[in-house]
Amino acid sequence: MSPIVKTDYSLYLVTDRSLLNGKDLMESIEAAIKGGVSIVQLREKQATSAVFYETALALKKLTDQYQIPLIINDRLDIALAVDAAGLHIGPDDLPIKKARELLGPHKTLGYSAATLAEALEAESLGANYLGVGALFPTKTKKDTESVSLQLLQKIKSSVSIPIVGIGGISQGNASQVIQSGADGIAVVSAILSKQYPEIAAKNLYLKTQNK
C-alpha cells in the first residue's frame, strides 16, 4: 500500500489562513518550501468547496514546481479532483478503509492518531503515515487530545509506517519530538504566523536533522 515514491516527512507544513497576518498564502507556502518544508497539507476548514478547489489547484502547481507532495485535509473529492499526492483524515472523517478504497493503492493516506489503538488500526486499514498529537498545547485546533512524547515513542515502536509529531511544535521543542522517534514534525503557526516563513522553516528544518 506504500506510495511509489518514498515521502520525506521531515518538515510537514499544515496550512491555516487565519495565521497569515495579511501575508499571501501562496507566497508564504513557497517561502516555507524554500526554507526546507518537504510536504504540504492544505487545510481549509472555513472555505467553500469552490475556494478550496481553486486554492488546491494553485497549490498543486506550486508543489509540483518544487517536486514535493501536496496532501489534502479531509476532502477526498478535492484530493482526487486536483490529483493531489494524497489525503489526510482523522477519527471524525471518512472511515480509513473506505478512503483507501476510493483513493486507490498508489496515493498517500495519512491519519491523525492520539492513541496506540488508533495507530495500529489505521496502519492495518491502509494508512501510509500517522500524525500523532497533540504533543503540546495548540491554538490551531481546539478539539485535540493530549499525547505524551512517551506515547509517541510507544506508537513509533509498534508500527512500521512513518510517524509525524503534531500539536504546538515550535523551535523550542522540535528537537524533543525528533529525538523521541518521530520521522518528522508537522507545524502550522511556527511557520505561517511568522513574518519571514522561509527563515522560520530553515530553523525548524535544522532541528529535524538532529536525530
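Every residue, even glycine, has its Cβ placed from backbone N, Cα and C.
Feature annotations, reproduced from Swiss-Prot:
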BINDING   Gln41, Leu42, Arg43, Glu44, Lys45, Asn73, Ser112, Lys141  4-amino-2-methyl-5-(diphosphooxymethyl)pyrimidine binding site
BINDING   Asp74, Asp93  Mg(2+) binding site
Can you tell me the three-state DSSP label for Glu44 (4-amino-2-methyl-5-(diphosphooxymethyl)pyrimidine binding site)? coil
In sequence order, which residues at least six apart in the same chain have a CB under 8 Å from the CB of Glu44 (4-amino-2-methyl-5-(diphosphooxymethyl)pyrimidine binding site)? Thr15, Arg17, Val51, Phe52, Thr55, Asn73
When the number of other CB atoms within 10 A of each residue's CB is tallied over all shown chains, which of the binding-site residues Arg43, Lys45 has the maximum? Arg43
Would you mind reading off the Cα separation of Asp74 (Mg(2+) binding site) from Arg43 (4-amino-2-methyl-5-(diphosphooxymethyl)pyrimidine binding site), to the nearest angstrom? 8
Check the Cα-Cα distances from Asp93 (Mg(2+) binding site) to the binding-site residues Gln41, Leu42, Arg43 and tell me which is shortest. Arg43
DSSP three-state assignment for Asp74 (Mg(2+) binding site): coil
Out of Asp74, Asp93, which of these binding-site residues shows the lowest number of other CB atoms within 10 Å of its CB? Asp93
Just counting, how many other CB atoms are there within 10 A of the CB of Gln41 (4-amino-2-methyl-5-(diphosphooxymethyl)pyrimidine binding site)? 24
For the binding-site residues Asn73, Ser112, the largest set of other C-beta atoms within 10 Å encircles the C-beta of Ser112
Nonlocal neighbours by CB distance (under 8 Å) for Leu42 (4-amino-2-methyl-5-(diphosphooxymethyl)pyrimidine binding site), same chain, sequence gap 6 or more: Thr15, Phe52, Thr55, Ala56, Leu59, Leu70, Ile71, Ile72, Asn73, Ala84
